[in-house]
Amino acid sequence: VLIIAVLFLTACQLTTAETSSRGEQEHLALRSTDKNSRMTKRCTPRHGVCFYSYFCCSKACNPSSKRCL
């Protein structure tokens with residue numbers, strides 16, 4: 001029974017993946033761009049508000065003024 005359930009779930013996943021990718025090839029570039037934008041980390045420029053040094057592009061944050069150096 002367990003083997004049948006695993007085979008059924010695998011078949012469902014393969015069918016779903018094939019169906020969803022077939023009709024959405026034109027959106028591939030958009031999805032790729034969205035994924036890249038989420039992976040890219042932005043840093044806070046000089047004099048920007050900061051709470052931790054690693055948010056600043058310079059990796060230095062003034063704790064009293066809460067500004068990047």
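Going from the start of the chain as shown, residues are counted 1 onward.
Just so you know, glycine gets a Cβ as well, placed from its N, Cα and C.
Now, the feature entries from Swiss-Prot:
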SIGNAL    1-17  signal peptide
DISULFID  Cys43-Cys57  disulfide bond
DISULFID  Cys50-Cys61  disulfide bond
DISULFID  Cys56-Cys68  disulfide bond
DSSP three-state assignment (helix, strand or coil) for Cys61 (disulfide bond): strand
Pairwise CA distance, Cys68 (disulfide bond) versus Cys43 (disulfide bond), rounded so that it is a whole Å: 10
Cys56 (disulfide bond) to Cys43 (disulfide bond) - Cα separation in whole Å: 5
